[in-house]
Every structure is written in structure tokens, then in C-alpha cells.
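Comments concern the structure below.
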Amino acid sequence: TVSVLKKTRWLEVDFLWEIKFCTSIDPSDLLTFFFVSPPVYEVVTVTGDVRGAGTDANVFVILFGEFGITPKTHLTSKSRTAFERSKTDVFRVKTNNVGAIKKIRIEHDNTGMNASWYLDRVIVTDMNRPHLRFYFPCNNWMSKDDGDGLFVRDLVGSLNPMDVPKVNKYVVRVFTGDVSGSGTDADVFINIFGENGDTGERRLDNDKDNFEKGAEDKFTLDAPNLGKLRKITIGHNNKGGSAGWFLAKVMIEDIGNKRVYEFPCGRWFALDEDDGKIQRDILVGGTEATGIVYNVAVVTGDIRGAGTDSKIHIIMHGSKGLKNSGKIFLEGGEFERARTDLFNIEIAALLSPLSRVSIGHDNASVGAGWYCEKVVIYCPFTGIEQTFPCWKWLDEDEENPWSLWIWTSDIKNIELPDLGTFYKIRIWHEKRSPFAGWHLNKVTLLKTLTKEKYNFSCGRWLDINEDDNEIIRELAAEGPLVTEYQVTVYTGTVSGSGTDANVFACLIGDQGDTGDRILYNCVNSMNKFEKGNADEFIIEAVNLKQVRRVRIGHDGKGGSSGWYLDKVIVREEGQPESEALEFPCNRWLDKNEDDGQIVRELVPSGSSSMLKNIGYHISVKTGDVPGASSDSRVFIKLYGERADTSKETLLVSDNDLGNYFERGRIDIFTLDTMDIGKINRLLIGHDNVGLRCGWFLASIQISIPVHGKLYIFPCNRWLDKDEADGKVEVEVYPSEILPIEKLINYEVTVITGDMRNAGTNANVFMQMYGETGKTELLILKNRSNNYERGATETFKVDIFTVKAINLGVLKKLRIRHDNTGSNPSWFLEIVEIIDRKEDITYYFPCQRWLAVEEDDGQVCRELVPVDEAFVKKGSGDEGSPASLGLEQKAKSTTYIVTVKTGDKKHSGTDANVFIILYGTKDDTGTVGLKASKTNKNKFERGQIDVFTVECVDLGDLKKIKIGHYNEGSSPGWFLEWVEIDAPSLGLCLKFPSGRWLDKSEDDGTIARDIFPAELQTRTYVPFVPYEVTVHTSDIFGAGTYADVFVVLYGVDGVCTHQKSLCQNKRERRMYFERNSVDKFIVELEDVGDTLEKIRIGHDNTGINPGWHLDRVEIRRLLPNGKGSETTTFPCERWLAKSEEDGEIMRELVPSDIFTEKLMKDGKLKQIEEEVDDISVYTGDVYGAGTDANVFLTIYGDMGDTGERKLSKSETNSNKFERAQDIFKIEAVDLGNIFKIKIRHDNTMLSPDWYLEKVEILNDTTEEEYVFQCERWLSKKKEDGKIERILYEQPCLFHRNGLSFAVIPYHVIVTTGTEFDASTDSRVYIIIMGPQKIQTSRLWLDLTEDKDEFADGSVEKFSVMGLDVGELKKVEVGHDGATPESCWLLDELTIIVPTKGVMYTFVCRCWLARDMGDGVTSRIFNILDADCVNIGLKVLYEVMVVTGDISNAGTDTNIYMTLFGSNGNSEEMQLDKDGVRFEVAQQDTFTMEIPDIAPLRKMRIRIDGKGTRPDWFLEKIVMKNLSNQEVTTFTYSDWLSKTQCDSPTLECEMPAVINEEQMMEYTTYTIQVKTSDVGGAGTDANVVLIIFGENGDSGTLALKQSNKSNKFERNQMDIFEFSDILSLGDLCKVRIWHDNKGMAPGWHLEYIDIQDSLMDKTFRFQCDRWMAKGEDDGQLIRELACANNDILELKERTCKSETGCDAETKENVWVILEGKMGRSKEFMMENSSRKRKFTRGATDKFQFSSKNVGDIAAICVGHCPKDGKKSSAKADVYWHVQEIVITEMELCNKYYFNCNAKIPLRFKRGDCKVFDCAKIIESFASKARSLVPVKYEVIVVTGCEKGAGTDANAFITVFGVNGNSGKRAIKQKFRNLFERGRTNRFYLEILELGELRKVRLEHDNTGIAPGWLVERVEVTHSATGVTTIFPCGKWLDEKRGDFQCWRELFPRY
């Protein structure tokens, strides 16, 4: 009761306010800042009390105000009795601010059983300013059948309910002309436009015979007062038998204003008269409106029945909606499927930019239904193009297709689909008889529906013996478009390459194809297609535009039909030779060679036909009935969505059964051709030739691996002249389309080495490994003789993956042969694999033998890819087998396998031994242990044999399998142990055995799985690979057979062990010959970045041990793998006992070092030393220059330069003055530069120096680094330091002398779900701002585990780009140029964190060459985007310092939360990125942090997972990159469960800014009082979070109490938390329990929290249950601080600052308008002694006022000091810039951006009103507003299949006052979140204020966890305001963006 009394009294108190008129905001005054929320309007409708007054229709309202209009809003109610007779209905509409409401437009859609509605009145209230209540009387029917027939009304309102505004009457007289046929039966509409708006479109109808010839028709229209009339829009809908109309004039009498307007016309409104218009704009006085022409493109969708015959109309609405074009009928459009219709609309008004577009049709004609895809409108005057997506049916039954009939000259009807505009026909005959020749004059086609006629002239023979011997003609529909193409066919020069068969060709272009043309007449040769020939032919056809493909083949007839085709060259007649197109082939067209195909499709040079074509695998099943077999030639033709194939004869079967189409057999054929899309049907038949020509066809199956589809075509019929219907060909439609594993095509090129006996006859197998899986074992085989010496074999391999449709990035290749055939040994040079989807070529060099007798005896190799630049570099080295060995070695692992045979009788074996290594990722496969490094006779008793096994990416070695094949005279073997050493891993594993592998011993097993002995495992520092190149001199006797060894030395005496370069005597005899260059790859200890010397020598053994060494080169890879460094060690001396000084060992020092780097363009560049340009900017302040010596050290991730003195400036003789100095520094490659150290020695007269910044430009890589300083280096100024360490800043772009920062952009791309919507092209965006500022092309590259923008996928990217300021446009596109690269972009979202906005574009458009409008990039205007404010973020550079103590580093997950004066961030994870958070390491991040500065504290949490879960955190330093403010958080302790006295995984650190600690430590004593009611105590675990002005405490578990049994009935439990950062004044606590224990229910009375630092106690009253079965069933409560209810009120003050262009000597007055009322008028007087309101002055005033609540607007007036009317002059103004009002009790600030001139007026009501632009709410104000509120949460699940979820769902609601915490949304015994269902929940939360976002998530449990959420609605139960959060996305780990959570933002 006391609390209520105090609140009541508080409402009666007057308030003292403070007002500021100012030009800027002082940042130090900011407490909590947020934009004013969108206004809420309360709309009350009162239905009249007459019979039948209620309505079932849907009601809509539009509000018109001084600032614009709202969108059309549906008035929805949860009540089923809305809009019933005598009922008053209340609605809350949250929309944009339109200012004072002038009128409303209310309407219904005339649906339902009783659509008629009698509306009494409407009342609209602005809830931000409740005193603004507008009354709109109606008292009229809104019905098609009652009253005046209108169900759309414009109502004019008034603030006074008694002051009913009069509705004006307009008498419209329409004069129809007195000419023949001038009357009309159509419906006539008019829209009258005046200076105050328009009437809306009104139908003129009051008689059955309106608008007859020579008649005058009179109509009366009720409408608001439009003021002076401007124009009318009048027209008709062209309905009826006689729609044409001749309008003479229109007269309009304005009854209210007593004026008459005349609109003379005198023109036809008819499609077939005058200019064809049926609607016109007419200005007063008769001139037809001439104005701005708008280009309108209307796109009809590409789905069945999308077109329409109805009349389409459009209305364009201006930017604020105050103006519109009126209804305009789009005449002359086709509106057919997939068509874009263009119109030029002239409107006498500038409407651009448009706010919206209304489009519809009259639903007339047979095919009325229409599917509109989008409307694009371009205004040439403003240059703005806007896209309005639709993607909806405008139809009652959604489907009404039509047919097209064509008549030929002999009157034959042909039913065709809609082909659009005809441009050519192809006509031919089949030459079936000797008299088949035909002379064709012309062909005429008539479209019966539209009477369109097409003539195709010919006048030529179609005869093999006449004219040019052609029986195929192409006829153009428009003029002489027939073109001659010169086709040159080149036959290859290989043996037997010529052919006697009949060759045909078909040219395929952008505009169709030529059809198959037999190449009869050769221009230059009588004997065609012979070996080495180039035969020319002329093909005459209608112009194809660009020729894209050539299909060429032969019929397989003749004695020697096989043909090797080299290439085809096509040139259009009249074009120069340089423009001829070359189509390479270089393959056989032969049934017995290559792949057996005799027809091929060729693509232009530079493209791969294998990969541009796709394979259709056709299985033809012949029926199992008598006589089903056929000897005829069978052909097939496929009809697809994109294109059709030609008729292809099925000649060569894949299963090669010899005699095709036999009874009961399945024959398989492969057709390689272009991608025709989804197959709709096929045509199959035969030529009816042969003894048994009849055929019974059972079925056809077509599998398309690339699409992942299997089509089944059942037939089960005869194709026989003598059976059934006598047909020999039939069209078949698919009965089923089944999904199969989606395969992709790789082109594999295998190059055999060019050396003696390099080829092989064995069978070759291959297995490819990628990031997402591996292929099956693939055999590389075709019909030709493969793998010959020096040969190149190309294969097309269809593969599948385990987890994805692609292998991702290829990681390795395993290739082997089976060692069969007469000559199985094989020297493999290289394997090249092309993945065209990623446009990547992988190079797998081998350059080794796969042979038992050669090299190491292995017939299986694992190869790793290397960059193309290395391959090209390697090709120049003559015969260097290890030229790419270093790159391969670095990516692979060499295992040294040591095998010990036991020392037992007969323990040795003669059998072939094999081994398999098993790792966590893969295994090696079976590896034969052929070539021992130590013994020629392997595996003898007591012997140790050493082998090497190379493999790639096995993972951790888990076990081995070793055995033998049990052959030979003595196969039994006793294996002692196996040791496997991996130097590159620093790991040696011992596998003990001690058992027989013998069929007659032990258990009879000859192969065993052996696991490593953990205690015998050795680890050491991993080795690194070095490439050692030894150059032996070219002098007599220079070579040696001795054992050569090498030792490498680094800095400080670090060296490797001595390593022999040859493994055995055989290798010694092969290498170190005179004048030879020998390369070796050795794995040795890492001696560091610098090689100081090497020691090389030999053991002086062998026949000729003396050796003359020229030089040695040591090459090692750079740390990032993007290049290498080569060090040369010259020698030029003997290493021989008998020469020179007799030394056989020498130490060599380097003479030359050069670096070879892989540049950004993919090329290798040799760099001796890199040169950096250092630009040092001295600041432009007094005394900034220095005379001291300046020193600089540059640090990169590959080392540093050491300290360098900046001596000679390239730009100034007197350096370090107020200017820019440039210095050059030469240094070795430092990698990525991240910091510099700069200092001076404080010498000379003026050592003090103000350094602005340092810029470093790398001349080699052109990379630029910026280091901002803007501080003194002086012992006398600032902090007294003369040395600074600077870190890299975001780079600035320079353009036209201006600098632009680079900022992050987050991009979300949603791909459509239609067929073939995906793309594997590279996608980019360009973001554009004002004044032609735009980013570069920002590529959206997918992660390595994804290879395409898949159908329905949601991909997220973060890119850095130029800060363009305010976004204006966005361009999105891709680099795909082929028809296969089409992409359907569904939605594009761009988030600009530094601006705090998110733009969402609903695109739904194709980016494709052959889909939609054929473009692969589009520009979207920002006006078309849905813009959402998501909160401003600031870029911070975060440096994390790990302690310099043992084991300080960690691999656990680290999370960070920041708290500032203006809120806190969400928890963010710090990315480990493999190498971060190691001992004594400083790791730097760039992070986006909410704008909450100044920072107060930081919370760090680790999850304790990983192999090294403990972490010693030294400190974290954060630099604000916008203002360079540095904040330090120091911890210097462990985060660990084991390493410290008080184990913890979480810590909080206070911020230190400028050596000032922002928060102090305190002790919180928490007293928890359990209520004295039955069962009040709990056994559950209780947790709470404390919230205060400095953030929250984090989760505090209430465990250790002063009572042993906690939380018992009527008990006070005390908990103490020491060394916790003080939160300042507390505002709330969140407390909950886990509902565990015997009696978990709990009744909490209150909580007291005492802060020892503040010596203050805060009470939080509860008095409620936290129990499942009590109260509202909630286990969590938020409690507001009771202290805030008893605050004493203070008075409040106001100040004013003006930035004015015009001052005043008169008085100013203001009135405050708030949510609780309106203040009185406050006069701010101006006196001669104390002048106010002068130019640029800041004026402050104080006054008292009643409480008006939150201020929504302020009224500002300007009046004479003397109060006389005569003193008010019309031309006297006062300019006010800004007003700031401060309410002094709670210190809330309200900002009003005025920037307006206030005229001097005598009348006090004449003022200007300004809305509040933003509010800064204090913590005290927030705390007082924290009252418990019940929020209704509605979750709507989508309607798609599988939309519902079985998972547990959770929601978090965020508002300006905080968040709700994560809440489970569930209900007992209810199946929630089912498809199409709406679920309601109620959450009790402390007032959140304006809602900002919700986070919805689920735990991915249950059978079907995937969830499609349509939207979330949150309703504030006290105010009734509903905030809608649209979603429309999946929360599913298997769909969309694969996330189970989503953040939703409100849309208004």
C-alpha cells in the first residue's frame, strides 16, 4: 500500500526541466543511448448499429500524415467477433512515424460470407503522444451492394470529436463525343488530384446506359477537400463488346470551394484507335499531361501457365506515398511465360524514388491467371532503378495454359508449345525414294489466336542431285539472314587416321543450330578425310550469332571407318581469318579406339569438352517376348528443359555385348552432350532396316551422375511396321525420377615418362583423396593402347564421395598397377587432375618408377599436389628426378620401417613380405617390402632390414599389419619386432611381435595386427626436409664412388647429425659422376632460419674415392609454404687424399642467398633481398620535428630486421621536420609485418618529436602496412617515453587525395531451391556509396569443405572493403560464363557492423546466361532493401598475452565478455587458429565490439577441454581503432582446475585506462530468506546473477551457506563472495534452481545483497513460488531492486544551445508533449540586458512542469516581446539548430534535431513541432522502469514438409533494458512446434523496454530436430504492443546455414 501511495504522489509532482538548444552532443554526457522506437498507433473501429452492419472481410487501413503514409496494414484480432454489429475493436499498429495524421484510407477485400460493413467511425491515437487523438467519422456503408457501392473510403479527421470535418462534394459531368462508335460498355474509372491529395480511383456508374454516343453523364463523389484541382486520371478497363470510347471533355464542380474545372480531351480511349491508350492524364484546361517518362519492365515467371490474356494495370506510389500515378493500364504487352515486357509510361509528376508498386489485372479472358515474377522501374530523370519482387500468382485458380496452332501451305494443323517470336525454321526430307527431290517456294505460318503471320521464303532445291546437293534448308523469318559458314576439318597424322565413312557436322550457336549436315561437297579436295588432310566445306544456315559448339561424327560405314580427328575450324563468311574459331579434338572417332564413340561434341580452344559436356548413361532393355530382337539401327532423342539433343544413333555399347538389342538383354550406351536440364520426354525408334527389323522395347533408364538423377521410361510395346499400331518410333515420358548419388566429373591426365622401357602393360588403378572423402578404387582404362613411353592419357572419371557431392580440395592421390603383363614396370612422370567446378588444376608430380625391379621396388605411390608455378619451374630442369621432391616431402610423411627377424632356427623367410600402416585418418594399403636398404637377401635369421614407406596424411599411427604370401621354399618367418620411425613427426614407435608367421607354427597365421608398445615409444624434435643439390666439377677424375655425407650448422653452433646422401652401394655408383648435378631430399634437425655453414666429406672408400666438388646448394621451404630459400656454398676444391692438402672433408660458408616466393598471381619470383619503403610522418604541431637520431626495428612473423638507423631521407635533406620522410631498407623476407619499434637517442638541441604515423610499403609484394602513433617521443612531454611499439592499423585507401578506411562487411547469401539453382562459380559483391565511391570486387569464396552455392543453402562470409559511407547500391554477380553456371539468388543480406545496420534484399532472380534476362550480375538499390538497426559496433585491436612460464600455453576454447558504461557484449569466442595462446606469445585479433565504451571490465572463461586445458593469462590489451584509446586488463594467474590454489575456469579483470582502474573490488554478502509457508524449502541447487550499473556478476552458485542445510522453511541463508568487482548500484537479480532433489519446489521471500565497498544494502522482494507445480510453474524469477521504488524526487533542469544562421531579439516558447500528457507553455524571455538567442550562442533555461512521461515531441514558437500583433512581421525568423531537454531527477536526456527557421507569430498556436530524435536514458531511470511484465511469445512454425521439430526449444528476448536470459519454451503433455502450427507461451520478465532482437535455438535432439520457423511475435501484456520478428529460415544442422540457432530482428 505504501508503495502505491508513493507512486500516486509521484504522478502529481511538478517537474523541473532543463532544455538545451545546441549544435552538438558532448560524448562525456552519454550514459545509455538508443534511437527512439517506431511509434505505436492505436486504431479503434466502431461498427454501426444497423442490421447486417458486421463484416467477415479482411479490413485494412492506411494512415496519411504530414511526413508520409504508412504501408497498408491488416487489422487482425484474436477475437472471433471483430467488426460485429455495435462492436468497438481496438488494434495496435507499430509502423513508421507519419507525423500529424491528415486522413486515413480504410477498406476491406470484400471476402467472406457477409462482406458488407457499416462503419460508424474510426479513432486513431499516437501512443507516444496520447493527447493526439484523431476522430474520423464515416456513418456509411462499405459494401459493393449497399450504399454507394464503395468498400474503400478516405476519411478526414479532427482532434475534436465534436468538430466533424465536412466531406466535400464533387459533381463530375462526363461528355461522350458525338462520333460513330464513340460510346463504351466498359467500366470507367476516374481519380481526381488536387493540392491536398487525391480521391483514389472511383468507378463512374449510376445507370445501365452510361457513356453513350453524344451523352452527358453526371456523378457525385464524396471526398476530403482536395484544395485546388491539378489533374484527373480517367480511363476504362476495355471490357464489353464495344469497349472503345471517345471522350469529349470532363467538367468538375467543386461544391465546397465553389469552383468549376474543365478538362477538355477530344480523344479516343481504345486499343485500335488513336495512339491505343485506354487511360489518360488530363490537366486543367485540357492539355494532356506531359512529364517524366518511366521505363517499366514487367517480368512474367517461368512456370507452367504463367502467362495471361488479362489487362494488366499498375499504380506507382511516390517516396512518402503522398503522390501516386493512378491506375495505368499496360497496353501492348504480351505477358507470356518467361517474357519481359517493356513499357514507357509518361507521368506528369516526379515520383522516383518509389515506395511501392501496386499491380493487378481485370481477371478477364480465358487465360486470366498470371504469375508475376517482378517489376523493374527506371526513372531517367533521377537515374534510380528499383526492383519490386512479386513471385506470386494473380489468379483465382492458378492455372490456365494455352496452345499454339500453326498452318502450313497444305493446311495441316501442328500443335506446338509457345515458342515465342519465330526467327527461323528448318525443313528437310528423308530422301526415301529416287524422286524425293523437292523445290520449295515458301512456307507460311499463322498463329490462329493472335493472327500473327510469318513468311519463310526459300526458292531452292532440297535434292541430293540439284543445286548444292543439300536436303536441309534453314529459312529466316526476317529478311536475308542466311549466312555461309566455312568449315575446315583437319584429319590427324597418326597411323590409320583417315576414314571412308560418311561424315556429318552440326554447328551450335547462341541462336539455335544448323542440324546435322552431311559433308558432301569438299571445296579443296576430291578424296576427303584422308590422313593429314584439311578439308573445307560450306554450310549455309540462318545466322547462329556466336558459334559455341560443333557436333561432328560419322555413320561407321565403309571398309576403314575409324577416324582420328585433329580439329575443326569454323569461320563465318566475310569475317577475317583471325576471328575463326578453333574446335580441337585430338581423339579417335572409332568403335575400336579410345572410348569407342563415333560422334563427339567439340568446344572452342581453351575449354575442355569433357568437362563442359555431361554424360547421359542410357540403359535400353529389350523385351523378353518371341521375336523381340532387332537388327535395325536404333536412335534416341532427349527433350530437356533447356534444350534438346539431336537424334543420336546408338552404335557403341559400354558393356560391349557385340550383338545389340537381343531378346531380354540390357544394352548400355553413353551419350556425351551439353546439359539439357531436366529431361521431360524422349523419342526412341529405329530405321526399320534389316532381316529382323521389328523390335519389342521394354524400358529405358537414363542415369545422369552429375545431376544425381535416374529417369525411368517404361514402354512395353512393339516398334514394328507389322505389329500393333505399326509405328517404329515413339515418344516416352518418365514414370519416375529417382535420386542417385550425385557424381562430379574430373579430367585425369596421366603422363608417362620419356625414358627407356617407361611404359607398362599392367592394369592401372587410382584413388583420389579430398578433404571431405575419397573415391572408390578406379581403373584407368580405355580402348586404346595406354601408358606408352612419353604418352599422355586423358580419362574422364565419374566419382562419388562419402559425405558430400564433391571431394573438396584434393589432398593426395594413390596410384598403382597390378604388376601384370609382359612389361609391367612403369615410370610415371606426373598426373594432372582438372576440377572445373572449382576451376582448379591439381598437379601430382611423381617422376619415379612403379616397378619391382626399379627404385625402391614399390608399385604403389601416394602423390601430393604442388602449385602450378613449381611444376612449370621443374619442367625446365633436365632430367632431375627430384626437382619437386622438396615440396612433396613437406606434404608427405616418410616412415622408416625397421624389421628384426628373430634369432631362431629357420626363422628367415623367402616369401614376399607386405605391411599396412593404419592411422586415424587413413591407411597405406598393402605395401610390399621389396628393397632393403641394408641387406640384399632380406629377412634372414637375426637380421635387421630397413625400408622406407612414403604416404600422405595418415593421422596418428594406431597399428600395423604385417605378413607374407607364403610362397617360396621356406616361407615360415619368426618376426621379432618392427620399428617405425617418422622423422618429420619426431616420433618412433616400437611394435613387438616375437611370434611365428607360419602355417605350421604357432597359431598358423601368416599375417598379424600389431599394436605399438607405449613405453617403448620415443619422441624427439621433428625433422624438416632439406633439398641438397651437389654439383660435381667438370675436370678429369672429379667423380667418386665413396660414401658422401653432410652436416648443416645454424646459429650458435646448432647442427644436424651426420647424414649420408646415398643409402647403399648401388646409389653411390649412380651419383657423383663428373659434371653431374645430383639432388637429394634429406630429413634433418631444424637448425633455424639461418644456415651459417655446412660440413661435407666422404669416407674415402671405393675404387676412385677422390672427388672434386664445385658447389653445394641447400634449399628449404619458407614457413608458410609459399616459396623457398636457397643458400649456395661454393667449394671448387678436391676432397681427396692424393690431391691438394689431402683433406676429404671441408667446411663451406655461404656466398649467396636468394628467396623464391609464390606471388599472388601464382608465379614464382626470385628475390635476393626485399626492399621496403618506410614513410615517416612527423605531426603538424608546434615543435613536432626532431634533430635526434631515429632508429627503427620491423617485426614480421618470419623474423625481424634488427635495429636500423634512419639516416638518409629520399624526400628531405632536413629530415623529421613537419613533413613526410621516405627511407629505403633492404632486408630478407619478414613475412607478414605486424609491429614496429621506433625510438630516438634524445641527442642534439631539439630531440622532442611528435610522430604521427609510419607507413611501410613492400616493393616486391606491394603490401602496405600502416602504424598510427599520434604521440610524443619526448622525455618532457606526455608519459616521458622516447621509444614506442606500434601495431599495424587497418589500411587506408587513397583516392583523389582522400583517405578511406577499410571496414568489415558481413554477407549472407541464400540460394534458391528451384531445379539447377546452384552454382559453382565464384561469387562477388561490389558495395557502392555516394559520389561514385565503391569497393573493389569482393570475392565471396567458399570454405574448403564446400564446392558450390548449393540449392537452398545459406552461406555466410566476412570480407574487408572500402568504407563507402552511406550505402546506395550493391552489385552481386559471378564469374560463370557457360550455360552450366546458372545461379538463382534468393536473398542477399549485408551487415555493416561499424554502421550498425543490416540490409536484406529479397532478390529471387537468376544470374545466368541462359536463364531469366541472361545477365550474370545485378545492381540492387538500397531503397529496395529491408533495413534493420542491429546496433553499432566498433573495431578493436585485441592483444592477448600468454604468460612466460612453463606449460602456460593452451588449446582449450576461450570466451570473452566485455562490460562498458553503455552495456555489455555477448560472449565471444577467441579463435585458436592452430598457433595462438602459446608460451610467452602475444596474439593479436581484430574484433567487432558493441559501442559500449568506456570499458569497465572483462570476463574471460575457458571450457577446460583439450589436451592442454590449463592457461596462464598474463594480460589483454584492447585498442579502439576509431579513437586509439588503449584499455588494459591484467590477470597474471592461471585459469585451471589443477594449477592454482583456488581452481577456476573464469575470471574478471577491471579495465585500466590511462593508468586509472575503472572498477574496484568488493565483497558481496547475500542473504536469502525462504518464506514461512508449507513446503517452502528446497533441495535443488540455486544459482543467481546480480545486475548493476557496471554490468553483471556472472553466474554465482549459492553453495556454501552459514547453515549446513540450506533453503529451509523460514530460514535466512547467508553467502559471501569476496574479491568480486563492484557493480555499483544494483537494479535486479535473476535467480533460478535446477529442479533436482526430493523436494525441489521453493517459495522465496526476498534477497538482501550488501556491498561492502559502497556500504549499502539492496533488497529484492519475491514472495512467490519457484516450482513446477505451483504458481505459474516457472523455476526462474527476475527480481527488481526494491530500493528504486523509494527514491526521493528532485527537481529537474533545462539548458539550450543554438547554432543559428538568424538570431532573434524576441521571445521563444516551448511546450513539451509526452506519453502522459502535455505541459503548459514555457516562455523563454529575451531582454536587452541579457541577450539570448544570438548567433552561435548557447542558452540555458530552467522551469518546473508536471510529469508528462517520456517526451515524444516539442512545440517551439517565436513571439514578440511586447505581445502586440503589430510587432509580428512575416519576414522575421529565428533559426534553431538543436534542442536538448534534461530531466534532472533521473538525468534522462532528449535530443531534438531541429535545423529549422521559426517565423515570428503573434498567435500562440502557430508553432513548429519536432519529434524526439534520440534519448539517453540514465541507469537510475532504467532501474525504476524494471517492473515485472508478462510477455506473450507466439512461435509460428512453417508449412513446408518436415518443418516441425522434436527438439527442445529455447528463446532469449533482448531489449534496451537487458535480456530475459535463456528460457526453455515448453508445455506439459503437448506436442509443440508441428508443421503449420502456432504455439503460445508466457514469460514473466522484468520490463525489457523497446525490444531489439530475439535469439531462438534448439538442442538438436529428437528424431527430427530440423525446424522451419516462420516468425516470432512478442506481445507486451501491459501495453498490448506486439513486436514481430520474421524468420522464414531453417534451424537445422543439415539445411540452410547449418545452424541450430538464429538471431531475429524486428521488422516494422
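Heads up, the Cβ atoms here are built off N, Cα and C, so glycines get one too.
For 39-156 (among others), the entry in TrEMBL reads domain 'PLAT'.
Here TrEMBL flags 168-283 (among others) as domain 'PLAT'.
Marked as domain 'PLAT' by TrEMBL: 292-408 (among others).
Averaged over the domain 'PLAT' (614-733), the predicted model reaches a pLDDT of 86. Look at TrEMBL and you will find 614-733 (among others) tagged as domain 'PLAT'.
The domain 'PLAT' annotation in TrEMBL covers 744-864 (among others).
Note: the domain 'PLAT' (893-1011) comprises 0 helix, 60 strand, 59 coil (DSSP; helix = H, G, I, strand = E, B). As annotated by TrEMBL, domain 'PLAT' applies to 893-1011 (among others).
Residues or ranges marked as domain 'PLAT' in TrEMBL: 1024-1149 (among others).
Sequence annotations record features per position, and here TrEMBL assigns domain 'PLAT' to 1170-1287 (among others).
The domain 'PLAT' annotation in TrEMBL covers 1303-1421 (among others).
Look at TrEMBL and you will find 1434-1549 (among others) tagged as domain 'PLAT'.
Taken from TrEMBL, the feature domain 'PLAT' covers 1562-1680 (among others).
Applying DSSP to the domain 'PLAT' (1690-1812) sorts its residues as follows: 3 helix, 61 strand, 59 coil. For 1690-1812 (among others), the entry in TrEMBL reads domain 'PLAT'.
Taking residue pairs at least 6 apart in sequence, the domain 'PLAT' (1303-1421) and the domain 'PLAT' (1170-1287) share fewer than three C-beta contacts under 8 angstroms. If you count C-beta pairs under 8 angstroms between the domain 'PLAT' (614-733) and each of 168-283, 1024-1149, 1303-1421, 1562-1680, the highest count goes to 1303-1421. Helix, strand and coil counts from DSSP across the domain 'PLAT' (1562-1680) read 0 helix, 64 strand, 55 coil. Note on the domain 'PLAT' (614-733): DSSP counts are 0 helix, 60 strand, 60 coil.
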